[in-house]
Structures are given as C-alpha cells and as structure tokens.
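Below is one structure, written out as structure tokens; the observations come after it.
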Amino acid sequence: MSMYMPPALMEYFAPMGDLPTPTQLDRSPECRRGPELTPIADALELCKDNPVPPLPEGTPVWVNADTRRALKKSIHDSQVKQEIDRGTEEYKNRPQDSPEYSSDAFKTLFVGRLPYSLNEAGLSGHFEKFGRIRFCRIVRCKRTGKSRGYGFIEFSSSSDLTRAFREGDSMHIRANIEGYYEPGETPSPDRTCVVDVERGRTVANWLPRRLGKGLGSTRRGAAAVNQKHPGRDGPPETRASDRSAPVVREHSRDRYRHDRADRGGYRGDRHRR
C-alpha cells in the first residue's frame, strides 16, 4: 500500500532510529528508605529534667470546631442551670398573700396565649359569660410593663370555673374591640387561647415552664415536634370528629340464626295450616 503514497507522506512513516537512554532521577522502590519510627524514651527523660515553661497569660490557644462548640455548650448549660436554681429558690419562697394573687386558688382559671395588647377589661369581657368574675389580672413584665400573654381569672363559684375550663379552651380572643386595649396602643392580632386550672398554688412542687417544668408542647424543640394547633386536647377537627363519630355495633348472623333455632326454627308451615 505504501507504493500508492506520495513521497511527502512517506516521510512521516520513515524510521527515526533508537530511543535515547533515559536518565534515572530517583532510587528504585526496592532501594528506597522511608521515614523510621524512633523511640522517645530518651526525650522523656530530658523533659523531666527541663520542664516546658507555661504559656504566658492571654496567649491564644487553637482548638478545633468540635472542641469550641462543646466548650460553648458547657458554659451555656452551666449558666442556665444557675439561673434555674436561683429562680426555683425565689419561686418557692414567694409570698402567698400578695395582692397580685386571687383569694381562692381553687376557683382561679389560667388563660394563656392572649393577644399582647389585651387588657383586663378585654379578658373579663370574654369570660364573663361563664359566671360572675371576682378577680382578673394579666401578668406583665415588671421592667417594661408589657403583657406576657397570659392571665388569671377568679370566679365566684366552682361551677363557673368548671364551665369556663370546659368551654373556654380554644376560644377566639379579640383585642381590636374598643376598650379591650389601652389607648394609644395598636391592637394585636386575634389569637386562640388555652385555659387550665391554677397549678402554682394547688399542685405540690409545681414549677412553671420558665424553670424547666410546666405543661404544653409548643416549645419542645424543632418545628417538627412543636404543637401547632390551639388548645390543650388536640386540634379542633380531631375533637369534633371524635364526638361526631358514629357508634358501630356489630351483629353476628350466626348468633341470630342460633337464637331462631332455639325458638323452633322455621315456622312457615304454621301459616299454611
């Protein structure tokens, strides 16, 4: 086939001679000697005789991210524990005859998740339909005077408290009604409240949520585990479906036939007589 190629193309296929001998730049793996492990016993003896001086105060020390995160968490947990211990001691030694408390704890209702602009008149206006109210108070911050979003209502009778406890849960609270918020303030959005009995003076060893105890599941952790529905017993649609669910009674045909057999079985011949 080379006879058909032109001479200019045949030059590319001409032999080029022998390849030059390569120069060895490194040792072969068989002759190479790598790093060796040396004992440190002699060095330890030198350290005992000549100890390393401590670092000057204020010298920055490098730590990795995991160690820094664990150190920060331990400091935060220690501070939180100290605050909880101090708050628990103050809560247990609080005065029981303060004018801020209702006179009868067993007739007092706790109301939470209130609009922050709601005042005492608005709170009593929503719950006066359950009975005569003797005492009403919204808890406010002592430093700023702003509402904390919960309050207490004392009824004149235990029956009124029971009715408010059963029917007042998940009740719609409006704060944009005139007289239900302080003049000059912007009304807060409407909210759905949650009610409960007062447990601070009726349950032994009770501690609120700010001290690590309490009830509720709106702040358990991540958004996936926190409660999103109002009320204390579950979503409204769940409670409604449970009350409206039909009662299913199962009847056994075998038992029905057995009872008919005991009464004499088929009696069609009696009508033909």
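Placed from the backbone N, Cα and C atoms, the Cβ positions cover glycine too.
Secondary structure of the compositional bias 'Basic and acidic residues' (74-97), assigned with DSSP and counted as helix (H, G, I), strand (E, B) and coil, comes to 19 helix, 0 strand, 5 coil. The compositional bias 'Basic and acidic residues' annotation in TrEMBL covers 74-97 (among others).
The region 'Disordered' annotation in TrEMBL covers 74-100 (among others).
The domain 'RRM' annotation in TrEMBL covers 107-178. Computed over the domain 'RRM' (107-178), the whole-number mean pLDDT of the model equals 94.
Per TrEMBL, the feature region 'Disordered' maps to 209-273 (among others).
The annotation compositional bias 'Basic and acidic residues' is assigned in TrEMBL to 230-273 (among others).
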